[in-house]
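Colleague: Below is one structure. I have some questions about it.
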Amino acid sequence: MIKQRTIAQVVKAIGIGLHKGEKVTITLRPASANTGIVFRRVDLDPVVDFETTPEAVGDTQLCTCLINKDGVRLSTTEHLIAAVAAMGIDNLIVELDSSEVPIMDGSALPFIYLLQKGGIEEQNAAKRFIRIKEKVRIEEGDKWAELEPYDGFHIDFEIAFDHPAINESRQRIGLDITTKSFIEEISRARTFGFMKDIEYMHANNLALGGSMDSAVVLDEFKVLNPNGLRYSDEFVKHKILDCVGDMFMTGHNILGKVTAFKSGHDLNNKLLRKLMATESAWEWATFETPVTMPAPGLELAPA
């Protein structure tokens, strides 16, 4: 049986919040089977929990922001969720002493390291996947995204930015997403932004933690980071990283293929909501014996 997973021990890290620019402590705790991924703001009294559901995503303007029924917010969850999805973890408590997850270096790699430090522990319950049965598609202008049946988990993503530095890199990638491929090919890809936008946001007390330490920064012509890019196609790879996290907002790994053109957090979330609302388009899947199709959670992630 392919079993559910949590981490084996409590782990902590400290980073800077993207929006407030303040120190944030993140604590990951093991959770019992069938708990799901729960975010908890411990800076509030009483503490406030956020479930990982497509409907919990209430704002995607600058990041993925979870908003509960009382309007309490938790921002910048996307890179951590992508790491959790890639490691095939089903049950986890994420405690934060702030209104945002620390941005770290702008990628998912620090969270991969943190989860690996915690270790992976299998639980005595069957892991439940969401298996796509029929195509679901959503469009907005020239942007679109779709999910369709696939024997594993695959993302085919294309971006289109009219910028010299981005034009020099590959703007479309198709990749089977496994724990190994995510760590090696995707996890180090950082979020990216333009210097003029960062300066504007800083002037308006936004993205105060944003810098070249936590993003790829571009001017009108080039990448400004002294060490350049981590991958030659880092821009589209970060969009895939975001998509991995966005597709895990059910708290379950998907067996299917995502194809997207110029999509982002908002459209990805709308696609996931449409999928879950279309009962004929998906089903729950469990596996009594190990399988070898390419997807996170089908093989035990290296601790």
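Cβ coordinates are placed from backbone N, Cα and C, and glycine is handled just like the others.
Copying in the features that Swiss-Prot gives for the protein in this structure:
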- His79, His238, Asp242: Zn(2+) binding site (BINDING)
- His265: active site, proton donor (ACT_SITE)
Colleague: Might you list, by sequence position, any residue in that chain lying six or more from His238 (Zn(2+) binding site) with a Cβ less than 8 Å away from its Cβ?
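Modeller: Listed in sequence order, they are Ser107, Ala189, Arg190, Thr191, Phe192, Val216.
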Colleague: Whole-number answer please: how many Å between the C-alpha atoms of Asp242 (Zn(2+) binding site) and His265 (active site, proton donor)?
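Modeller: Asp242 (Zn(2+) binding site) to His265 (active site, proton donor), Cα-Cα distance: 7 Å.
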Colleague: What whole-number Å value do you get for the CA-CA distance of His79 (Zn(2+) binding site) and His265 (active site, proton donor)?
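Modeller: Cα-Cα distance, His79 (Zn(2+) binding site) to His265 (active site, proton donor): 12 Å.
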Colleague: Would you list, in sequence order, the residues of this chain other than His79, His238, Asp242 that have their CB within 8 A of the centroid of the site's CB atoms, where the site is the one recorded for Zn(2+)?
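Modeller: Here the nearby residues are Glu78, Ala82, Gly106, Ser107, Ala108, Ala189, Arg190, Thr191, Lys239, Ile240, Leu241, Gly245.
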Colleague: At a 10 Å cut-off from the C-beta of the residue listed as 'active site, proton donor', count the other C-beta atoms across all protein chains.
Modeller: 22
Colleague: Ranked by the number of other Cβ atoms within 10 Å of their own Cβ, which of the binding-site residues His79, Asp242 ranks first?
Modeller: His79
